[in-house]
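> Okay, handing you the structure first.
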Amino acid sequence: MTTVTTGSTPTSFGVWISGLWLIVSLELRQRVRGTAWYVLLGIFVLLVALVTTLLWAATGASLVGGGGVFSLIVFFVLLLGTLVSPALSGNAINGDREAGTLATTQVTLISTGQLVLGKFVAAWITSLAFLAASVPFLIFAVSAGEVSAATIGTSIVVLAIELGVIAAIGVGLSGVVTRPLFSIVVTYLLVAALSLGTLIAFGLLGAATKATTTSTFTPVLSSDFDPETGEQSNVVCGPAETTTYETPRFDYYWWILAANPYVVVADASPGVFDEYGSPSDSFAWIAVSVRQAQTPPDLATEYNACEEASSGYSSYSGEYPGMQGPGPTQQEIYDSALPSWFVGLAIHLALAVGALFWAWRRTLTPARRLAAGSRIA
Amino acid sequence: MQLGIQVSGVSRAFGSVQAVADATLSVLPGSVTALIGPNGSGKTTLMLMLATLLAPDAGTITINGHDPATHPQLVRASMGWMPDVLGSWPSLTVRAALETTGRMYRLSRATATARADELISLTGLEELADRPSRVLSRGQKQRLSLARALVHSPSVLLLDEPASGLDPAARINLRELVRRLAGDGTAVLVSSHVLAELDEMADAAVYLTNGRTASPEALARAGASSRAWRIRSLDAPALASALTAIGVSPGITSVDKLGTLVQVTGEAAAVELLGRLIRADVPVCDFGPAVGNLEHTFLDLNRGTDVMEQGS
Ligand SMILES: Nc1ncnc2c1ncn2[C@@H]1O[C@H](COP(=O)(O)OP(=O)(O)OP(=O)(O)O)[C@@H](O)[C@H]1O
Ligand SMILES: [Mg+2]
C-alpha cells in the first residue's frame, strides 16, 4: 500500500496556501454557484440602479457633482452587504457539521486553520461580489465630477474591510454556535447592534446622562438712553439672575458611535467641504455630526448686560452682546476633533479576529469538549 | 514502529454518558477485525477517536505508530475513515467530490483525477460520475463514502457500518474489496450489525458492550456455552423420536419449517449427536449451527449483561 508521501512536508507555505484555496473554491462552488445566488445578485443590481437614479434626480448631481450620490451608493452597498452576508456565511461551519461534511474534511490533511480561514475568505469574496456589482454605478457617480480620488479609494477599501468583518463574524459564530439557524440570527443581531444599537445606545446614554448648566444674567434695571449716540448712562444694575437647566452629555459617549460601520466608512474618507465650510457629501455630514458630539457643552454661560451697558456699548454699532462672532464652521469642527474611524475599525477587526479565533478553537480536532448535544459525525 | 491499530485502555465520556470505557484491541496490517456491539455501545465513538476527530479521556491509541491525539496529521496521511453518517457535498458531482478529497490529501491534480476515475469504477459509480451527489440514493452515497475513504490508498481503514443500505451484489463486492485490501497489507477495522457478513470477511472480532471490550475469558465462556444447532431430516417424525431416544441435553428448543433446533454445548457434542443420529438411520440432510460464530458470541455476551443488569 502506498501512503501519501507529500504529507510529510506539512509546514511548506505553498502547500498550506493551496489547501486554503481548495477550501475557498469548494465553499464557493457549494454555496455560491446556484441560480438563487445569481438571482440575488440581479435583484441587488436592480436596487442599486434604482437608488442611483433616484439619488441622481434628488441631489441634482449633474449640477453639484457626484459626491452625494457616490457616498450614498457606498452606504447602500454596505446596507445590502450587512443584510445578505450573515445569511450566506452564518452557517458555514455548523451547516457543514449538520450535513456531515465537516468531519470528512477534518480527517484529511486540511488543518482547522485552513478550514476556518478558507470559509472566511470565501464568505468575504461572496460579499465583495456585491461591491463589484455596484462598481458601474460608483463610476457613474464619479463621472459627475467633484469626487476626489482619495474619497473613492478610502471609502471603497474601508467598505471592503467592513464587509470582511461581517463575513468573519458570520463564519466565526457559525463555528461557535451549534445550530445553523441560531448562529445566523446571532450574526444578524450583532450586525444590528453595530449598525443601529450603537445609535440607540449613544442617544439614550447621552440623553440620560444630564449635566446641570447654569446661566447667569445680570439685567439693567434702568438707564438713560441717548438717542444720538445709542449709548446709555446712569445705568442701575439689577441682581444677577441664575437659571439652571439640564443638558445631555453626548461628549462622554461619542466613541460608541465610532463602532458603527457606517460611521467608520464615513469618517475614514477625507472630509470634503464647500467654500462655506459645509460638508459636500454624506460622508462629511456624518463625520461632522459624530465629531461634533466630542465637544463638551458649555456648563456655565454668563451674560452681563449691565456691565456691557456701563462700558459704553452702542446698540447702533451693529454688534450683538454676548456673541463672539459667528460660530465655528462645520469644517472647523471637523478639523478640531479627533478622527474616530480607526478606533471603530480597530474594534471591528478585533471582533472579526476574535470570532474566527474562537471558531478555530471550537473546531480543533481531536476534540476534547463537545458542545452539549452535538455529535462530530 | 508498530503498524496497524493499537488501542489500550481507551475511554471517553460525553458528560454523564460513558460512551467508551477501557477499550482494548489491536488490528494488525493485513487483517480485518470486526467491531461488534449493540446500538449505543460506543463503536462510532471508538472509531472517531481512531479517526483523529475525538480525543480520548484516558488510554493510548497508536495508528501506524503515531498517536492520533498528538500527531493527527501523520495519522491522517495513512488512515481512511468511512463515517456512519452519509455526508457529501451536495452540489459537487461524484467525480468532483472524489477529486476534491484527493486534493485535500495533497495529491497532485493529475493524480487526484486518475484516482477518482479508478475509485468510480471500483465502486461501480460510473453512470453517476457526473451527477451531483445530492441525487444519489442511500446505497449510492454509501459507495461514494467508501470511495472517498480510499482516495489516498490508506494503510489503515476504518469502516463504520459500510454495508448498510447496500444491495446484495454491492455487499459481495464490498466483502471482496475489503479482503483484497487486507491482502495488500491494509489493517481494516469494520463495524456492522450484519454479523453473518462479518463472519465471512473478518479474521478477528472485538465485542463492545456498554463501551467495554469483552475480555478473553468472557469470549472463551461465550464460545463454550451451549448454542442452537439446526437439524433437518427427510423424515421429521423419525428425527423427533430419535432425538427423544437419545435424550439430548439441554434439549429441543423449537421445531420450525427449516428444521429442528437443538441446544448443543460445544462442537464435540455436536459431532457425537450427528453420529448417533446417523447410526439410528435418521435421514439427516442438514446439520449445522443455527447462528454464525460472531452472532452466537454477540448474543451470549449481551445476554450475560442483561442477566447482570437484572441481578443488580
Ligand atoms: N456527542 C455526544 N454527546 C452525548 N452523547 C453521545 C455523543 N456521541 C455519542 N453519545 C452517546 O454515546 C453512546 C455511544 O454512541 P455511539 O454512537 O458510539 O454508539 P454506536 O455503538 O456507534 O451505536 P450504533 O450501533 O447505533 O451506531 C450512546 O449512548 C450515545 O448516546
Ligand atoms: Mg454507530
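Backbone N, Cα and C define each Cβ position, glycine as well.
Keep in mind it's a predicted model, so treat the numbers as computed, not measured.
According to TrEMBL, the protein has these features:
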TRANSMEM  A:6-24  transmembrane segment
TRANSMEM  A:36-57  transmembrane segment
TRANSMEM  A:63-84  transmembrane segment
TRANSMEM  A:120-143  transmembrane segment
TRANSMEM  A:149-173  transmembrane segment
TRANSMEM  A:185-208  transmembrane segment
TRANSMEM  A:341-360  transmembrane segment
> If contact means at least 3 Cβ pairs within less than 8 Å, sequence distance 6 or more, would you call the transmembrane segment (A:341-360) and the transmembrane segment (A:63-84) in contact?
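Counting Cβ pairs under 8 Å (6 or more apart in sequence), the transmembrane segment (A:341-360) does not reach the transmembrane segment (A:63-84), since there are fewer than 3.
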> With Cβ distances under 8 Å as the criterion, find the stretch in A:36-57, A:120-143, A:149-173, A:185-208 that has the most pairs with the transmembrane segment (A:63-84).
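If we count Cβ pairs closer than 8 Å to the transmembrane segment (A:63-84), A:120-143 scores highest.
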> Short question: which residues 6 or more past the ends of the transmembrane segment (A:149-173) have a Cβ under 8 Å from it?
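Distant contacts of the transmembrane segment (A:149-173): 67, 70-71, 74, 77-78, 81-82, 85-86, 88-90, 92-93, 116, 119-120, 123-124, 126-128, 130-131, 138, 142, 183-184, 186-187, 190-191, 261, 264-265, 268-270, 272, 281, 283, 341, 345, 348-349, 351-359.
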> Apart from its near flanks, which chain residues at least 6 from the ends of the transmembrane segment (A:185-208) lie with a Cβ under 8 angstroms of it?
82, 86, 89-90, 166, 169-170, 173-174, 177, 248-250, 252-254, 256-257, 259-263, 293, 348
